[in-house]
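Written below as structure tokens is the structure these notes are about.
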Amino acid sequence: MASNSLLRSSSNFFLGSHIIISSPTPKTTRKPSFPFSFVSRAKYQITRSSQDENSPNGKPNSPFSSQVALAAILLSSISSSPLALAVVDEPASPSVVIESQAVKPSTPSPLFIQNEILKAPSPKSSDLPEGSQWRYSEFLNAVKKGKVERVRFSKDGSVVQLTAVDNRRASVIVPNDPDLIDILAMNGVDISVSEGESSGNDLFTVIGNLIFPLLAFGGLFLLFRRAQGGPGGGPGGLGGPMDFGRSKSKFQEVPETGVSFADVAGADQAKLELQEVVDFLKNPDKYTALGAKIPKGCLLVGPPGTGKTLLARAVAGEAGVPFFSCAASEFVELFVGVGASRVRDLFEKAKSKAPCIVFIDEIDAVGRQRGAGMGGGNDEREQTINQLLTEMDGFSGNSGVIVLAATNRPDVLDSALLRPGRFDRQVTVDRPDVAGRVKILQVHSRGKALGKDVDFDKVARRTPGFTGADLQNLMNEAAILAARRELKEISKDEISDALERIIAGPEKKNAVVSEEKKRLVAYHEAGHALVGALMPEYDPVAKISIIPRGQAGGLTFFAPSEERLESGLYSRSYLENQMAVALGGRVAEEVIFGDENVTTGASNDFMQVSRVARQMIERFGFSKKIGQVAVGGPGGNPFMGQQMSSQKDYSMATADIVDAEVRELVEKAYKRATEIITTHIDILHKLAQLLIEKETVDGEEFMSLFIDGQAELYIS
């Protein structure tokens, strides 16, 4: 009866429908109560066409439906896996799944007791989160409730693609949870790892790993491509990033320096030497007929500002041949080997333009003695000078290339660079004499409005030791002062003020000086002037001033002898007088203000006195106890290829004698200055009072005090 009832209810349910018999969706029932192992997931479908054959009119055939239901129940009872019957009426209507759940019989039962429970549950999608992106907590809850069928991990394990029991798909970003795999396994979730798919993070990682190396290689490729294909061609093509291997010399096919030998004054001998080089380039037959060879190099040597570079520009303007010019500091830069490479490139260009002139300014930057410095060794500068030596007079020679170089440090140059065959001539460009300074002043006064009272001969005599650059600066400063004072022309006052500005610095006109300090400075400077005026064979006083200039509170100007400056020869009496004059300021302070009120204003004077006295004993042989012996070396400089410090070549006893002799010379000079000031203290008072009133006294006004006071020269 139970089976007939079941068949009747089933026949009413299945009539006019497609019947699909299949295994139920896994995880619909988490813990089945039957011991069967589910292997097959086959589906059995009884199509609607079978029903239609027995019901031509399309009406439900009750007997046939009953047979279909009976067949389904029979298949369910004998199958090793539970079956599901799906009935679909219309395509738009939802499918109904009828699940047959097997139960373990406790006692023998009729045929249909195994499948007596027939139900059609539908998964509750409301228990699952909405959307395609789940939170990690939602994912764990769904796994524990059996709502997740399978998961697929990304390569890096940061993202999980899941499939729920209702075939919904979602993704979860998972943290580094070591218990996740165990949880999934305990709940029977299928686990797999993605091989072909990647997460968004993986995509960015791949893009980053590919793009940045490609950009780097692309940049290097363009760099070297540009270097090889830039103007000039080859590595280091002109204008390319590899240009550091090429010379940076300036080339002029037809030099237009705007300077000729007519613009060079005060260096007649140097001009003559270089004019011969220019004439050799213009008229080579004149010299080759006599077997003469053109000099390969001329080295211009002289103090800074004497016109070495100006002479080179004049040579370029007069020669009429291609001219290359560069500074020696341009050879050596950041990379190793650049200096030698640039030297080679420079001479390759010069040889292609021969005959030509190559001018290297400040050659001591690369031409210093090799092996210089502590421990010797090799450096980039040595490679550069070695290449320069080879190019100037090496195996291949440099026919037709004349090298001009300038330096103010010939003592540090390598001896191999100075030998004949490289620099055949060393042209000394010295400081100009009086006549030379007059010519230089005339050159630099072109284009300037000068007053009628300007006498270049007097200016030249007041500027002994000035170089051409100093005189140019003098005239320029005078023009600036005239413009500042809103004058139409430059007078002798502007030139005189500019001269003092150059020597001692600008005046501190706004400096507040107390009367006490002004009186102290006036007596200090009057002491220098008084001792200097009464010393025989000493330089005459040119000007005395107590106006602060630079770091000096006052100054006394002496006009040095032109002959003494040019020759460099100083007598013993002159040096002794110089020490006495330097000590005159301290002596005047002691005589007027007392020993307790002397100041530190004489500190520079003491340094000068000590230097002169020690040189007289150690270098000039002016000591009877030491004799005609030079004590001690000149000192070494480790960066000039010399020793770090000179080794003493005398005993401690000799050193004590030197110290005693130096002290004796200083004491003697101090006594002479004291005697002069105490003897002519009245003139000291007059000069100091005049300085307090006028602040500046020139030499002629100062000498008038001696005439009025009938002072006599003090000769010791």
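Any Cβ shown, glycine's included, is placed from N, Cα and C.
Features of the protein shown, as given by Swiss-Prot:
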ACT_SITE  E525  active site
BINDING   G302, P303, P304, G305, T306, G307, K308, T309  ATP binding site
BINDING   H524, H528, D605  Zn(2+) binding site
TRANSIT   1-48  transit peptide
TRANSIT   49-86  transit peptide
TRANSMEM  204-224  transmembrane segment
Neighbourhood of P303 (ATP binding site) by C-beta distance under 8 A, where only residues 6 or more apart in the same chain count: N408, D430, R431, T467
Just how many other Cβ atoms lie inside 10 Å of the Cβ on T309 (ATP binding site)? 18
Fewest other C-beta atoms within 10 angstroms of its own C-beta: which of the binding-site residues G302, P304, G305, G307 fits that? P304
Determine, from DSSP, whether E525 (active site) sits in helix, strand or coil. helix
Please determine which of the binding-site residues listed here (T306, H524, H528, D605) has the lowest count of neighbouring CB atoms within 10 Å. D605
One should report the C-alpha separation between D605 (Zn(2+) binding site) and T309 (ATP binding site), rounded to whole angstrom, as 36
Neighbours of G302, P303, P304, G305, T306, G307, K308, T309 excl. site residues, C-beta within 8 Å of centre, ATP: L300, A406, N408, V429, T467, G468, A469
Going by DSSP, give the three-state secondary structure for G307 (ATP binding site). coil
Reported as an integer number of Å, what is the Cα distance between T306 (ATP binding site) and H528 (Zn(2+) binding site)? 32
DSSP-derived structure type at G302 (ATP binding site), helix or strand or else coil: coil
H524 (Zn(2+) binding site) and T309 (ATP binding site), Cα-Cα, nearest whole angstrom: 43
Report the residues of the chain - excluding H524, H528, D605 - with C-beta within 8 Å of the mean position of the site's C-beta atoms, for the recorded Zn(2+) site, in sequence order. E525, G527, T556, A582, L583, G584, G585, R586, A588, G601, A602
CA pair G305 (ATP binding site) / H528 (Zn(2+) binding site), Å rounded to integer, equals 31
So of all those binding-site residues, G302, P304, G307, K308, which one's Cα sits nearest to H528 (Zn(2+) binding site)? P304
Using DSSP with the three-state reduction, classify D605 (Zn(2+) binding site) as helix, strand or coil. helix
Within 10 angstroms of the C-beta of E525 (active site), the count of other C-beta atoms across all shown chains comes to 26
